[in-house]
Amino acid sequence: MLLQIDRVLTTEELNQLNTLLQAGVFEDGKWTAGIYAKTVKDNQQLVQEGEEYRVASEIVLSALSRNQLFQAYVQPKIIGPLLFSRYEVGMAYGTHTDNALMGSGDQLRRSDVSLTIFLNDPFAYEGGALVLDTSLGEQYFKLPAGSMIVYPSIFLHRVETVSKGVRLVAVAWVQSLIRDPLERELLFELDTVRRSLFEKQGKTVDFDLLCKVYSNLLRKWAEI
């Protein structure tokens, strides 16, 4: 299941992020790619040692933590690493799959869910669409600034060549409490139904039963 979430970042946060990215130092993005993906990766990334990266990461992580739709859909256990990517004219990221495991040692984590937050509007650049190769065919995403696309990390995907302007995005990977994407989707749909039922009817017997089913499935599937 793919999920588009609009207005994840406020206008003030977007302005802060763009100021930080303008002041920050960027480096070749290949160093964060896997051994095969780096052969098709051509972009720049904000260096992670700088103050700009620290502050920008805090802004994005705060936005994700307060977004109820993201929390309900993803069931995040670990979010990271965060990357702030810049694509200038001629840059692209060819077809690839995300590494199943990221980090090392105590920081080793599984990539269950991928996300891209768009930091500038589509009219600021030409090309640069995120393309996911799904069972329904290729799906193209080029969203307004502050909007986000969230998807299971199982898909082949690419970023089309930027032909004009500059594309700015934040990307991250999440280890979910729920490893299986189908189980994660079922829990999300159950949660959506119970919230809707509560808003319409309040705390009824049916609502309590849904809560019981949701809680027991979460207990069965969650990996702590």
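Just so it is clear, glycine is given a Cβ too, placed from its N, Cα and C backbone atoms.
Model, not experiment: these values are computed from the prediction.
If you check Swiss-Prot, you get these features:
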type	residues	note
DOMAIN	77-176	domain 'Fe2OG dioxygenase'
BINDING	His96, Asp98, His157	Fe cation binding site
BINDING	Arg167	2-oxoglutarate binding site
Other residues near the Fe cation site, CB within 8 A of the CB centroid of His96, Asp98, His157? Ala37, Tyr93, Thr95, Thr97, Ser114, Ser153, Phe155, Leu156, Arg158
CB neighbours within 10 A of Asp98 (Fe cation binding site), counting all protein chains shown, number 18
Confidence summary for the domain 'Fe2OG dioxygenase' (77-176), mean pLDDT rounded: 96
Other CB atoms within 10 A, centred on Arg167 (2-oxoglutarate binding site): 27
Between Arg167 (2-oxoglutarate binding site) and His157 (Fe cation binding site), what is the CA-CA distance rounded to a whole number of Å? 17
Neighbour count (Cβ, 10 Å) for His96 (Fe cation binding site): 18
Below 8 Å Cβ to Cβ and six or more residues apart, same chain only. Which residues does that give for His157 (Fe cation binding site)? Thr95, His96, Thr97, Leu130, Val131, Leu132, Asp133
Quick one: what's DSSP say for Arg167 (2-oxoglutarate binding site), helix, strand or coil? strand
For Asp98 (Fe cation binding site), name the DSSP secondary structure in the helix/strand/coil scheme. coil
